[in-house]
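Structure first, then comments.
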Amino acid sequence: MESIDPDIASSRGVHQDPALLGLVFVGGCAGTAIRAALEDAAPAHGGWPWATFLINLVGAFLLAALLEVLGRGPDVGIRRRIRLGVGTGLLGGFTTYSTFAVEITGLGVASAIGYAVATVCLGVLAAAAGALFARRLGERA
């Protein structure tokens, strides 16, 4: 028998829960729309793809901060809904590995290598900074 209490872990997988799938879908649509608007506002025009670069760095920072905060408790109830709706959905739709990969192919070899290395290395640093930021905020609370 399924529990109707959202704070009790369900035996049903996340992928089988229509409400959770809906959160991911809505969040993903919103994140993708935000990213598309930012990329339209600052198109690359054959040069360094600044919009995608900054979107992925901001997304890495925000996702790490979110997961640091949510990781302070069990992944059930509202925490799970926030993780899926905001983390997987919104920030998953906001960040983009596929656009990053396509943009690499449009750059010259030296620029492509620089863009790839900078995105990955600075993305790791942005994620570490996001987690540290959230941890420090949590210590003050």
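Each Cβ is built from the backbone N, Cα and C atoms, and glycine gets one as well.
The transmembrane segment feature in TrEMBL is assigned to 20-38 (among others).
If you look at the transmembrane segment (50-70), the same-chain residues 6 or more away from its ends with a CB under 8 A from one of its CBs are 35, 38-39, 41-44, 79, 82-83, 86-87, 91, 94-96, 99-100, 103, 115, 118-119, 122-124, 126-131, 133-135, 138. Annotation comment: TrEMBL describes 50-70 (among others) as transmembrane segment.
Packing against the transmembrane segment (82-100) from elsewhere in the chain are residues 14, 20, 23-35, 39, 49, 52, 55-56, 58-60, 62-63, 66-67, 70, 75, 119: each is 6 or more residues past its ends and has a CB under 8 Å from a CB in it. What TrEMBL lists as transmembrane segment is 82-100 (among others).
In the three-state DSSP assignment, the secondary structure recorded for Gly92 (Na(+) binding site) is helix. Counting every protein chain shown, the number of other Cβ atoms lying within 10 Å of the Cβ of Gly92 (Na(+) binding site) is 19. The Na(+) binding site feature in TrEMBL is assigned to Gly92, Thr95.
According to TrEMBL, the feature transmembrane segment maps to 112-134 (among others). Residues 48-49, 53, 56-58, 60-69, 100, 103-105 of the same chain lie 6+ residues outside the transmembrane segment (112-134) yet bring a C-beta within less than 8 angstroms of a C-beta in it.
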